[in-house]
């Protein structure tokens, strides 16, 4: 009895001594020249992301002609893109110019939570934008009544609640894992899969819960988008004039492109067996770094109203 108690105490002491309190983010490369190149490129991309998305937010807020559900949802998407990029990129930039490249355990869990919180919310939000286009094209006479201000606020709030639940389900299991050995994360930010590889106990339950959680999220969003666009295409094809069909399709083209850029990497990363592949960093970099900088260009280049509003805003700024 006494010996067993001594062994347990010694075991606890060893665990306390070897418990990991910080991790090292390995990033893309240890080569100095490559790091300098990535730093400059990433800095430019982040500045463009901030400038582009802030410009859309300010333009929609200032111009009263853009105070409609479609542009309200677009401004919210810009806010989410800013959030995703800001959770990942600043720390990534710091690691390029820092020798330690460390992140504390608490910061690592927090980063993982907010990545999935904002990313999950954006996933639901893109589905919401598809539903908005469905109502606008399939029920144009009832659109303003269905998508009234109260309904829009409620729908957006629901995406945040669902995103929070997703993030909690993704991050909480990671807090239950013991980390007592290697502390090098083969990634440029903290995520559940590369983090669970370092755990010194079985991660079978965590890995499978991650797949189920992310799989349900991705599948639910994909179904909403698919069903919405099935009805949209069916309705548009019934329009007799070619000009009417083209106008209807053009309002959806930007959203379809954004959905494709966002969902394809997500499906590849989170709807597969828990294995680490060579291209994972590039793929996660695409939806956390590249997509947020592309979205403002995609929506502004194809939207005459937004372009005119931006020119008007530029004129006001110049006059002042």
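Cβ atoms are placed via backbone N, Cα and C, with glycine included.
Sequence annotations record features per position, and here TrEMBL assigns domain 'G-protein coupled receptors family 1 profile' to 52-299.
Counting residues 6+ beyond its ends, the transmembrane segment (36-58) has Cβ neighbours under 8 Å at 28-29, 74-75, 78-79, 81-82, 85, 89-90, 92-93, 96-97, 289-290, 292-293, 295-297, 299-300, 306, 310, 313 in the same chain. For 36-58 (among others), the entry in TrEMBL reads transmembrane segment.
Look at TrEMBL and you will find 70-89 (among others) tagged as transmembrane segment.
Residues or ranges marked as transmembrane segment by TrEMBL: 109-131 (among others).
According to TrEMBL, the transmembrane segment annotation covers 151-169 (among others).
Annotated transmembrane segment per TrEMBL: 216-237 (among others), in sequence order.
Only residues 6 or more beyond the boundaries of the transmembrane segment (249-270), in the same chain, are considered here, and those with a CB under 8 A from a CB of the stretch are 70, 77, 122-123, 126, 129-130, 133, 136-137, 210-211, 214-215, 218, 221-222, 225, 229, 232, 236, 280, 283-284, 286-287, 290-291, 294-295, 298-299, 302-303. As annotated by TrEMBL, transmembrane segment applies to 249-270 (among others).
If you look up TrEMBL, you'll see 282-301 (among others) marked as transmembrane segment.
Within the same chain, residues 42, 45-46, 49-50, 52-54, 56-57, 60-61, 111, 114-115, 118-119, 121-122, 125-126, 128-129, 132-133, 136, 152, 156, 188-189, 251, 258, 287-289, 291-293, 295-296, 299, 305-306 sit at least 6 positions outside the transmembrane segment (70-89) and bring their C-beta atoms closer than 8 Å to a C-beta of that stretch. Residues 42, 45-46, 48-49, 52-53, 55-56, 74, 77-78, 81-82, 84-85, 88-89, 115, 119, 187-189, 191, 254, 257-258, 261-262, 265-266, 268-269, 307, 310 of the same chain sit 6 or more residues outside the transmembrane segment (282-301) yet have a Cβ under 8 Å from a Cβ within it.
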